2 protein chains.
Amino acid sequence: MEKIHIIKIGGNIIDNPERLNTFLKDFAVIPGKKVLVHGGGKIASDLSLTLGISPKLIDGRRVTDADSLKVVTMVYGGLINKNVVAQLQAHQCNAIGLTGADGNIIQAHKRVHPQIDYGFVGDIDKVDGEKLDVFLKGGFVPVFAALTHDQQGTMLNTNADTIAAQLAIALSGFYQTELVYCFEKKGVLKSIDNENSVIRQLDETAYQHLKQEGVIAAGMIPKLDNAFETLHKGVHSVIIGKAEDLLHSITENDVLGTLLQGPVKQ
Amino acid sequence: MEKIHIIKIGGNIIDNPERLNTFLKDFAVIPGKKVLVHGGGKIASDLSLTLGISPKLIDGRRVTDADSLKVVTMVYGGLINKNVVAQLQAHQCNAIGLTGADGNIIQAHKRVHPQIDYGFVGDIDKVDGEKLDVFLKGGFVPVFAALTHDQQGTMLNTNADTIAAQLAIALSGFYQTELVYCFEKKGVLKSIDNENSVIRQLDETAYQHLKQEGVIAAGMIPKLDNAFETLHKGVHSVIIGKAEDLLHSITENDVLGTLLQGPVKQ
């Protein structure tokens, strides 16, 4: 099966023009098929502040009201997405910017919660892998902003990690998928304060063991639970770590960061 | 040859949510292949004002400085484009939002002018009709925002009429193209104050005649000169008028508005 990389970057790269530029230059030369997913970052919060829209948080989660939805649609779907695409094009990478609404590739609904109204936040119902494959087969490199739609005309703010995971699962029918989560640490650490304590490989048994022992940092648990879930749903492997290291891992085939692998397939 | 419609709408529709909604509903049911091109409108000017960016005009033309470029990238490429796509999807039209940077479909350069620095304004060098056709053949309906890129990483604010014209010319190799310019009048008028004086059909000889006689309003002349130029470059026909009338023209095959036809082809 042909390989594909689905790479997610967040605010720590998006918000830093130099890091972003270096990242995009490296991303452009990754051989084979690939998809980029980006979140937003400080730019959206800064614009909200300037416009006098105060951020609303419930239990540490941002609530997306109508004005905030406009801001993220502008910033994620417009400013960040189009500048990333233009920069990738300058590096001869044939990028095309997308949201879940484009081509109806990611179908979602407004989050339903018994107590909390999260506002215009999307939970994903389905990814149309076949439609996405039209772009991949056409030689394009999809760049997804963290936005979906409700199929009734409304855009929805959607977690970028989740989008990357769902795209990877949907593409597993056609490709050997590797999901690449770039974040601020070098990988899953044995000791949270020691960047040299990266766990190089983690299978589910070892993970459950380390989780019970309290070795895995609390903040990493949802990320890793979700990552292992993607492996159960067809994703071939997940790598987690610093962007620079992970892109090196891909081009040099020498894993820096933490590698999670799924059950061996028959 | 298969037909395709390239339809351009401007601020008079974009700025009016009800008209936009009606337009998109009607656009969704146009049979066959189609492309939508939208300009911006008041939304970008309003956001600029709120952000304290004052519009700069030279000889009545807006100059796009770095801050204004950010605003149009957000508003045209993000807010308007993604909401149009989401609404078309709600009407079962498989729209995909694009700028010239996406897929490198429209290659442009920053305008060079001996006296005036227009800022980040794009003049089009080339449209890649074959790449655009990948989307059309894939069953997608491209929705273009009035943005291109310089192939060196910078987005460029670009006239929506020109984008529509260049797309139509590029697609003329593959399709029988009809370029549809929606604007505030019912068509080209014999008498500027009389909406009932629409000239139904106009060929180039008649146009030159009316122009010399001073019948054609000055403001219409660049639009019509450009329209006739597209006919020389392969476009099959151009229709100009009110959006509602033109969509009716297409679905009912009964032209309201002004029809310009090119030289009869062998």
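Including glycine, each Cβ sits where the backbone N, Cα and C put it.
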* Asked: TrEMBL has B:G40, B:G41, B:R62 down as binding substrate; which of B:N94, B:N104, B:N157, B:N194 does it also list for that site?
  -> B:N157
* Near-site residues: substrate, ref B:G40, B:G41, B:R62, B:N157, CB cutoff 8 A to centroid -> B:G39, B:A44, B:S45, B:V72, B:V75, B:Y76, B:A146
* **Mapped DSSP class for B:R62 (substrate binding site), helix or strand or coil** => strand
* **Mapped DSSP class for B:K8 (site 'Transition state stabilizer'), helix or strand or coil** => strand
* Asked: For the binding-site residues listed here (B:G40, B:G41), which one has the lowest count of neighbouring CB atoms within 10 Å of its own CB?
  -> B:G41
* Asked: How far apart, in Å, are the two Cα atoms that lie farthest from each other among B:G40, B:G41, B:R62, B:N157, the residues recorded as binding substrate?
  -> 13
